[in-house]
Amino acid sequence: MAATLVHLLSIIFCLIFQFSNALTPDYYLQTCPKAEATITRAVRRSIIKDKTAPAALLRLHFHDCFIRGCDASVLLDSKGNNKAEKDGPPNISLHAYYVIDNAKKELETMCPGVVSCADILAVAARDAVALSGGPTWDVPKGRKDGRVSKANDSLQLPFPTFSISQLQQSFSKRGLSLDDLVVLSGSGARGSNIFKTTSYMNLELKSSAPATGTGGHTLGFSHCSSFQNRIHSFNNATDVDPSMSPSFAASLRRICPMHNKVKNAGANLDFTPNSFDNVYYKLLLKGKSIFSSDQALLAASRTKALVAKFATYEKEFFDAFAKSMIKMSSIDGGGTEIRLNCGFVN
């Protein structure tokens with residue numbers, strides 16, 4: 001009887017603990033009611049000065065959640081012998097950290113030690129999408145910041161050369177479905193495809209962040225190195241990936257020759273780089289995608305059908321994207337603190 005009572009009490013305690021740590025949109029309603037408005041202002045100010053900020057913020061959030069969960073570990077600076085995530089190979093080009101830092105500084109003045117860096121990052125990603133013409137949603141909040149950040153862990157991110165089975169496995173490990181994979185690939189989160197920057201069809205040279213293999217490709221830009229495998233020495237039979245539009249591949253080859261010497265050469269991920277829209281899916285169906293991992297979405301009947309649906313119905317993409325972002329941003333990072341400075345543990 002005593003053992004049963006102890007077991008029952010332990011279950012009740014666990015349920016109370018889980019409930020108290022549950023994410024909720026109203027998490028700061030009493031403790032810092034102006035938190036979201038403060039973050040939104042910081043994002044809005046950054047976009048006025050830097051048109052690449054939305055893509056960068058969305059990518060930051062994706063890269064954070066895909067490593068240790070959404071715990072803001074991607075924001076921690078390297079210290080001593082520890083090389084942090086932000087200095088890992090796939091993350092070298094991440095930027096717009098200043099947006100999070102600026103918001104955090106204001107919030108610490110307003111509500112000291114209350115709002116986590118992980119929550120700031122989640123809200124900023126939402127605002128980046130909404131302020132670029134995309135959907136908005138209520139961001140569940142209550143995340144805690146983590147204390148561990150290791151550069152080698154960044155290699156767990158999906159690569160731009162991944163096949164559909166590799167992508168599915170990568171997303172599945174994070175509790176994300178095949179549908180989430182297609183949705184987040186079209187957003188910019190995975191590698192900044194949804195937010196792009198100049199004329200896509202003219203493929204201008206641009207200095208910006210290279211994309212990784214998935215997520216959010218309606219915003220962004222990619223360096224030549226991320227898609228070189230598709231336009232040079234594709235296989236023993238052909239130099240160029242045959243799934244690519246010939247004219248599109250020729251344009252990429254002009255910008256990115258075999259022995260490219262231009263450091264910042266590359267291409268926008270679609271021709272509306274600063275807008276959140278469904279153009280990414282339309283181009284994908286025309287053989288005008290940048291990455292192998294994008295083309296991989298057409299390799300399975302389920303993912304191909306979703307690509308076709310989102311290319312036709314933008315609202316359905318927007319609705320699905322909001323749901324997938326809430327799901328991804330809720331991946332538990334196991335954080336335990338509220339950092340006073342997003343770059344350092346307390």
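Residue positions begin at 1 at the first shown residue.
Just so you know, glycine gets a Cβ as well, placed from its N, Cα and C.
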Among Cys14, Cys32, Cys65, which cysteine does TrEMBL link to Cys111 through a disulfide?
Cys32
Among Cys117, Cys224, Cys256, find the residue that TrEMBL gives as the disulfide bond partner of Cys342.
Cys117
Which of these, Cys14, Cys65, shares a disulfide with Cys70 in TrEMBL?
Cys65
Looking at the disulfide bonds in TrEMBL, identify which of Cys14, Cys256 pairs up with Cys224.
Cys256
So which one is it: of the binding-site residues Gly69, Pro158, which has the fewest other Cβ atoms within 10 Å?
Gly69
Fewest-neighbour residue among disulfide-bonded residues, criterion Cβ within 10 Å, set Cys65, Cys70, Cys111, Cys256, Cys342:
Cys111
Who sits close to Asp64 (Ca(2+) 1 binding site): which same-chain residues at least 6 apart have their Cβ under 8 Å from its Cβ?
Cys70, Asp71, Ala72, Ser73, Val74, Leu75, Ala118, Leu121, Gly333
Radius 10 Å, atoms counted are CB only; among the binding-site residues Asp71, Glu85, Asp277, which position scores highest?
Asp71
Taking every protein chain shown into account, which of the disulfide-bonded residues Cys32, Cys117, Cys224 has the largest tally of Cβ atoms within 10 Å of its Cβ?
Cys117
In whole Å, note down how far the CA of Pro158 (substrate binding site) lies from the CA of Cys256 (disulfide bond).
23
Considering Cα atoms only, can you say which of Arg59, Gly69, Cys111, Cys342 is the nearest neighbour of Cys224 (disulfide bond) among these recorded positions?
Arg59
